[in-house]
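Supplied in structure tokens, the structure appears directly below.
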């Protein structure tokens, strides 16, 4: 819901229903990165209410458009973070599989070497007096 002025659309307050500090702080951060923004902040009216009030003041551009742009930039940033995370997880899984295969190979080689040594000891004819 938007609360603003009918005569000046460069400042407005927006109510985001069913949201909390997580989204509000990220939106505030993105708004403050925009050179068109002179003020961006948020408040939570009461801890038991699931809504956030976001206040935006701009240098003249419509506050609604600036908020929309900030939300779109935030979505792009989140997509980038997700793709980097997914790539790192995939690389980690591949590396773990490679290490497990290498460990299994080393274990088999050690078992074969131990078997050879046992066979060699068993084949030696040691006479006792």
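Residue 1 is the first one shown; counting continues down the chain.
Note that Cβ sites are derived from N, Cα and C of the backbone, with glycine treated the same way.
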Looking at 72-100, 101-129, which one is region 'Disordered' according to TrEMBL?
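From TrEMBL, the annotated region 'Disordered' range turns out to be 101-129.
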List the helix, strand and coil residue totals of the domain 'DNA-directed RNA polymerase RBP11-like dimerisation' (12-82) as derived from DSSP.
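Once the DSSP states are binned, the domain 'DNA-directed RNA polymerase RBP11-like dimerisation' (12-82) shows 33 helix, 21 strand, 17 coil.
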